[in-house]
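**Q** Following this message is one structure expressed as structure tokens.
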Amino acid sequence: MIQDLIEKSKKHLWLPFTQMKDYDTNPLIIESGNGIKVKDINGKEYYDGFSSVWLNVHGHRKKELDDAIKRQLEKIAHSTLLGMTNVPATELAEKLIEISPEKLTRVFYSDSGAEAMEIALKMAFQYWKNIGKPEKQKFISMRNGYHGDTIGAVSVGSIELFHHVYGALMFESFKAPVPYVYRSLSGDKAQCRDECLKALEQLLIENHQEIAALSIESMVQGASGMIVMPEGFFAGVRELCTKYDVLMIVDEVATGFGRTGKMFACEHESVQPDLMAAGKGITGGYLPIAVTFTTEEIYSAFYDDYEKLKTFFHGHSYTGNQLGCAVAIENLSLFESEKIVEMVAEKAEDLYLLLNSLQSLPHVGDIRQLGFMCGVELVRSKETKEPFPAEKRVGYHVSLKMRELGMLTRPLGDVIAFMPPLASNREELEAMVAIMKEAICEVTNVEL
Ligand SMILES: *Cc1c(COP(=O)(O)O)cnc(C)c1O
């Protein structure tokens, strides 16, 4: 039976972001989960060290979440949001607006973070047309940014590898630098921040008349290696957007819902986005719901008689799905009753100390963390910061070793991403960091 399933998976499946040749040598099929662990079909257990790719909040099989779905299922699983709404989608909208930055008053649902970003881009683009400034059609995006894998989202992303493969399909955008302190010449946070802000301002001075919006991840660039922005940078970007009349699209897909120790990471610098995309943790990691938030000002620019053609022409089959919205509502109740955000902020300090124990390893170049969003950058030489040769795939081999030792994660190049479920307790965090340490030592041939 087990072998049979594995054969089937190799025969018929094509997995996302996976070289299937790698999968064929290292197949893995998850069967169940409980708390912050998942179990495969052989009965082997793993810590969910990456929250099932940055989603999970309360652990798996959280009773309250399971029950919320069952209760909703007694009523209806899904009906459309085109031209009408449903009960949980409506209730959830109010709750989302309550917890989001105050300027945001409207939510537009979709099913994934990439879609939430596409929607933000299209809204920003059409907003200027609708208010009679059609010359504002271009975007500024950030170097090393990541916003998902659909064409629009990749266009404003800037992971080199993706552009190398799909570049010809993309629309162009202006690229602005984001401080990567560890790899900057000076290594000085303030200097690095000021240089990047200066470059952005120059870009805006020259081009703002044709720029609709700037897109940026909130406080941390996740997929490019958990690069945490130095203090003041994010707020500085907000100021420049305002000064040059450019909308600010903030991507909170990874950072939203408590991940960084605030409900939304933009709260760290009191930034009010014009558009904000969220997803991932919104349902506690249960079902595919995503959301684009916007301001009343932008919403009003679309509100008119139909003949004016100001309607936002966008929607998906499963938009506003009741099961997803019902579990999202329960998720937000748990955030309140279990004080998840406060707990993350508190436990992040323990986590900081735990991760610090890796600092002395000879191939650990940099450790970055904001709340429960962490990355450990491995390098060949600590002194020169020289990376390992890419073809060695050190990050990949470390994550395979971690899997063997009982913990799942996915590397970002040679950055080991550590994104435990927000409910992880101290002992669990300790056990996971110990596995990470052992795997790094084994793969880089260092005595523990
Ligand atoms: C994961 C992610 C996305 C894409 O979300 P999907 O649900 O995978 O489409 C977008 N932006 C950021 C910052 C992300 O981490």
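Cβ atoms here come from the backbone N, Cα and C positions, even for glycine.
Annotations in TrEMBL come from automatic prediction, not curation.
So TrEMBL lists the following for this protein:
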type	residues	note
BINDING	G113, A114, D251, H316, S317	pyridoxal 5'-phosphate binding site
BINDING	Y146, K280, G315, R410	substrate binding site
MOD_RES	K280	N6-(pyridoxal phosphate)lysine
**Q** Compile a sequence-ordered list of residues in the same chain as G315 (substrate binding site), six or more apart from it, whose Cβ lies below 8 A from its Cβ; state 'none' when nothing qualifies.
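**A** The answer is L81, L82.
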**Q** Among the binding-site residues G113, D251, G315, S317, name every one whose Cβ is found under 6 angstroms from ligand 1, counting any of its atoms.
**A** G113, D251
**Q** Could you tell me which three-state DSSP class D251 (pyridoxal 5'-phosphate binding site) falls into?
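**A** SS state of D251 (pyridoxal 5'-phosphate binding site) = strand.
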**Q** Using C-alpha positions only, work out which of the binding-site residues Y146, K280, R410 is nearest to D251 (pyridoxal 5'-phosphate binding site).
**A** Y146
**Q** If you measure A114 (pyridoxal 5'-phosphate binding site) to R410 (substrate binding site) at Cα, how many Å is it?
**A** 19
**Q** Counting Cβ atoms within 10 Å across all protein chains shown, which of the binding-site residues K280, H316, R410 comes out on top?
**A** K280
**Q** Counting Cβ atoms within 10 Å across all protein chains shown, which of the binding-site residues G113, Y146, D251, S317 comes out on top?
**A** D251
